[in-house]
Structures are given as C-alpha cells and as structure tokens.
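A.B. asks: This structure is in structure tokens; I'll ask about it shortly.
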Amino acid sequence: MVEEKDGETTFSPTNSSKDHLNAEQIPQKQLLNAGGGHQALRKVAHSLRKELWCHLNNQTDMTEFIFLGFSNHPNLQSLFFLVFLVIYLTTLFGNTLIIMAIRVSPALHIPMYYFLSNLSFLDICYTSTTVPGMLVNFFQEKKTISYEGCLSQIFFLVTCAGTEGVLLAAIAHDHYVAICHPLQYPVLLSVKVCVCLVSGSWLCGLVDSTTHTVLAITLTLCGPNQISHFLCDIPFLLKLSCSGTSLNEFVLHVASATIGLSPCLFTAVSYILIISAILRIPSVQGRSKAFSTCASHLTVVVIFFGTANFNYDRPNVGYKLDMDILVSVFFCVGTPMFNPIIYSLRNKEIKGVLRRLAKECWFSSEISG
C-alpha cells in the first residue's frame, strides 16, 4: 500500500509483499560485500526500496521525474530564482559580447580567437540546457521534468560538456604551436585545420551524448521517480534502473577516459612544454608576454577540469545533497559565466575592442539624443 504523508511517499507492505520481500531472503553475503556500517545499510535499503516499489506498483513506464534539488530550502526559492537569473543573464551577456567583439574586429580574426568565439557560443548552449528549466521550477511546488525532456537534457548536457573538454585541448594546442613553433604557426594552424579541430570537438561531444542517450533509453526504470538533484544526468538514471546497468557503466567509464581524461592529459602535457619553452626565453618582457597569453586559458582549464573531476569522480559516500548541488552548480552554471569574465579581464586585445565598442555605442547614443 502506498500512502502520502506531508508530501512524502511511504510504503506499507501488505502480507503478500512482506512474504515476497522477507528479510530472510536477503543473502548475508550481500551485507558483507556491501561494506560495514551505514554504507551497507544504505545499499541494502536502496535495493529493497526499488524492489518494493516495483512489486507494489508494477510500474516501469515513467512519464516524468521529480527534482528534489533545492526542495529542502522552501523559503529561499525566490532568492535562488534571483541569483540564477543574474548568473544566466551575465553568462548570456558576457559570452555574446565576446562573440561580437571577435566578429567586428579584423585584428581578432586569428585561430586563437576563432576557438574562443566557439567556446563562448558553447557556453551559451551549455548554460541554456539547465538554467531556464531551473528558473521555471523555482515557482513550482512540484518540480518535474518529462521523461522525454530528461533524455533531451542529458543529450545536450553531455554534448556541451564533452565538446568543451576537447575544445579546451584544441586551444591548448594553439598556444603550444604559437609559443613553441611560431614560424610554423600559419601552416600548422591554417583555417582548414582550425575548422577541423572545432568540428572534431563537436563530433566527439555528439557521439558521446548519442551513445549515452541511446543506452539510457534501453533502461527499465522502476522508481520512485525522484531525482535528488536539479538536473538529469546519466548517473541519476542508473540509480533508478531495475534492469542491468553494466553496459551503461562500462561505456560511462570509457567515455570518462576518452572524452574526459584524454583532453585533460593532453592539455597538461601541452602546458608543461609551453612553460619549459617560456622559461628559455631570455628577456623578462618576452616571458611576461608569453605567460600573459596563456594565463586566461590555463585558469579556465583548471576551473573546468577541476570541477568536472570533483563532480563525477568523487566518492558518493559522505556528501550531503547540498554539497552535490553546490558542486554541480559550479560546474554546469558557474563555469560558463566565469569564462567570459576571465578572458575579458586578462586579454588586452578583447578589452581594447570592448572599450572601443562601448565608446562607439555611447557616441552614437549622444548623437541620436
């Protein structure tokens, strides 16, 4: 029997369900293998909860999911809405400014800024995948997303995250060639090569997301249809699955190594070679200029891969829901906002173009007024 009390779902097993889920049927090895203490109880309770839900409801077709993220702070929903609205508008404004500055200035029509404009466009897509839905849900008592909407969010979220990791590696390659092989730069990073690198980044993200989404469709979900977060992601659906998830988990690990770890290692090796080359520059002014060229990108790389690693590769035990949400907010919402701020503050060329654009806008408004 399923009962609703104070907005929470409770289960009162009937005699038949008690017989079906008798505690004696739980193998003792399950407790031993799961580990001791609270971790073992948590795993067994989660397993029993899914079995009980399936047995009592006989339901595998889910039409929607309920987000539990931010639900433990009901009095702060308006404040959350205001904060995320400001973050979203800042992200859109900052990244759009960078795209416009690069587009209108012929001096910025070089590979480095071609990559940067694509990164800004990607950040707009990235934050638009999650934030608009969050803003709407802040005013909903029941924060839901449809099954199709959840799969769509996973597809676009994984696409953007995978593409950004590979694109940051491509930008690192651009810096490496510019500093370590400056005479070969026009050949090694021609227009054709740059287009191929950007297209390859998007292709990697699309292949990764398509694979995960197709595998997610094959899962048999048995509930409860609650996601302890503010967004849909592959690990959350795996927790709701009653069917086997070994293939999904294997593909997830392979993708983490290829789309996640490989670009990170490539970027790290590139910067080791870059720093060693910079230290060999005899003039202090030359070294300072070279470090200044790489500082913005290196800061973005550390923020992106650092938060991504903490978000996906940390242990599940010992973290509360608020900590999970904070890390995900920083990774999915904060990073796209920080990128234009970092690049505009530390890049003299972009700052110069933005100042000129601001003066032209002010001058034109003065004339029209």
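Glycine is treated like the rest: Cβ placed from N, Cα and C.
Quick paste from TrEMBL:
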type	residues	note
DOMAIN	94-343	domain 'G-protein coupled receptors family 1 profile'
REGION	1-20	region 'Disordered'
TRANSMEM	79-102	transmembrane segment
TRANSMEM	114-139	transmembrane segment
TRANSMEM	151-173	transmembrane segment
TRANSMEM	250-278	transmembrane segment
TRANSMEM	290-310	transmembrane segment
TRANSMEM	325-345	transmembrane segment
A.B. asks: So which residues does the transmembrane segment (114-139) touch in its own chain, when a touch means Cβ under 8 Å and the partner is 6 or more beyond its ends?
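C.D. replies: For the transmembrane segment (114-139), the nonlocal Cβ contacts are 67, 70, 77-78, 80-81, 84-85, 87-88, 91-92, 95-96, 98-99, 102-103, 145, 149, 153, 156-157, 160-161, 163-164, 167-168, 170-171, 174, 194, 197-198, 201, 230-231, 332-333, 335-337, 339-340, 343.
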A.B. asks: Ranking 79-102, 250-278, 290-310 by the number of C-beta pairs under 8 Å to the transmembrane segment (151-173), which range is first?
C.D. replies: 250-278
A.B. asks: The transmembrane segment (79-102): which same-chain residues, six or more beyond its ends, come within Cβ distance under 8 Å?
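C.D. replies: Non-local partners: 70, 73, 108-109, 113-114, 116-117, 120-121, 123-124, 127, 131-132, 134-135, 138-139, 333-334, 336-337, 339-341, 343-344, 350, 353-354, 357.
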